[in-house]
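Comments concern the structure below.
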């Protein structure tokens, strides 16, 4: 019996969870599960529970399903589980059970065509907790099949001990079927980005559980501020994806601000769990300082790149202006007439150092390839292979000078003249042997070497070289005067071999740098006097330019041929084997090197003669 001064009543201690549970059909053949409590978690599961207040004793409890809206009518869905029959739960409890827990209750839904039959069954069983008129019970049009409520009824014993005294029924919160989009739990599964500009307008792709496109919105909330994402019904894809644009924030910010983003259903004001969204400050550069910095940086990099790669300093229409030190320019820059500035690089030298920088003006060849008569001495035909390329046309800017004094032979042994282009890898006799007509004009005077018939001595050993190309005229003298020896016969059967070092660049051709001079016959060394060496360089240019015979002249067009070359002076036996001399024959044999010449600074004879020991023979 009831105890206390107050009437007993029912109080729900634990409400059922409203969302997250799926209603099962009978045909699915599986249990409908258990209705969890409102505060249930994975680690601490709870279930709906009630407590009878102001009463201690035994009784009976009945649980049925009713509709969502008032008046609460019996619902066609069934309640299934332990102690359930005909779609409702009923069980007695004793005095020791307080409170009452219901952990084996499930909801099984019926098909739409079975709704009316299920309602009639409830009426026959007397399941009408709120005594709704039968006429209203038969009206099933307003019945929502996706939402139910639990109705708790308690019966206490009467005077005769029968459990007939009913306490006022109590209904729980609505329970929604998780399959229905209009009642399902709202949940944000994933977004493609969780930050955006404070000005809004960022496009976001949001994945979610099933929603209704006409009953859903995206809400941004922070304290008292609220805004909605911008999208239309066409932006809801198959009820599981929403594409929207973020709304602008309420004010300008200087630091990121985090707000809450959530889904909300307007029909029942249901909201999802919130997700953080961060508004970023506007990074717009009002004065364009960032663009200016980028432009300045790019311009500076371009200037540095142009200076390093090209090094262009000045363009001269007359030719190529180039520092003597450094690597030579490319072929493309030479042909375009472009001036290239290379950094100065010191070079060691035996006879002096190169100045701060000199300018070389590129000039064409003196002689054309057609002007050279292709005839070779019979004795050296195997040694005179073509080596240098054919020269191009050249202006006749050099004056014609008289021929030198006649020399004893018209044929000379082949002498190798390696240049920087040849890499100094050719043998001693790997140069071309060519002749030039006697009436050739514009031959450099310092390169003329006459060949005559009046010097036919068999013991004559002839050698000629230039030690100051710019400051002197053509050099020619008899063999006796050439060597500064009173008796020319002392040089008979004396083979002379002179070696020079090759120059590294075109700009250093004025440094002969003679290394050795070997007179193979010991008798030659015995008659040479150091004073004779100095006498050789003190000869006047007027005496060296004597001679009027315009015989065929053997020449070398480039002064650097004397540098980096191996000179060999043949004795009388080799000179005689080359054939008879003919001073009037325009096809007289000689050797020639086809190239271009460069203007070269002069070198004092005093420095040249004093730079070597007395046993070296300088010419």
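Each residue, glycine too, has its Cβ placed from N, Cα and C.
Here Swiss-Prot gives region 'Disordered' for one range in the set 550-571, 572-593: that range is 572-593. Of the candidates 325, 503, 609, Swiss-Prot records phosphoserine for 503; the remaining residues carry no such annotation there, which does not rule it out for them.
The feature region 'Disordered', as given by Swiss-Prot for the ranges 360-398, 399-437, sits at 399-437. Residue 267 (phosphoserine) falls outside any helix or strand according to DSSP and counts as coil.
Averaged across the domain 'RHD' (8-297), the predicted model reaches a pLDDT of 87. Taking Cβ-Cβ distances under 8 Å and a sequence separation of 6 or more, the neighbours of residue 267 (phosphoserine) in its chain are 182, 215.
Taking DSSP states H, G and I as helix and E and B as strand, the motif 'Nuclear localization signal' (290-295) has 6 helix, 0 strand, 0 coil.
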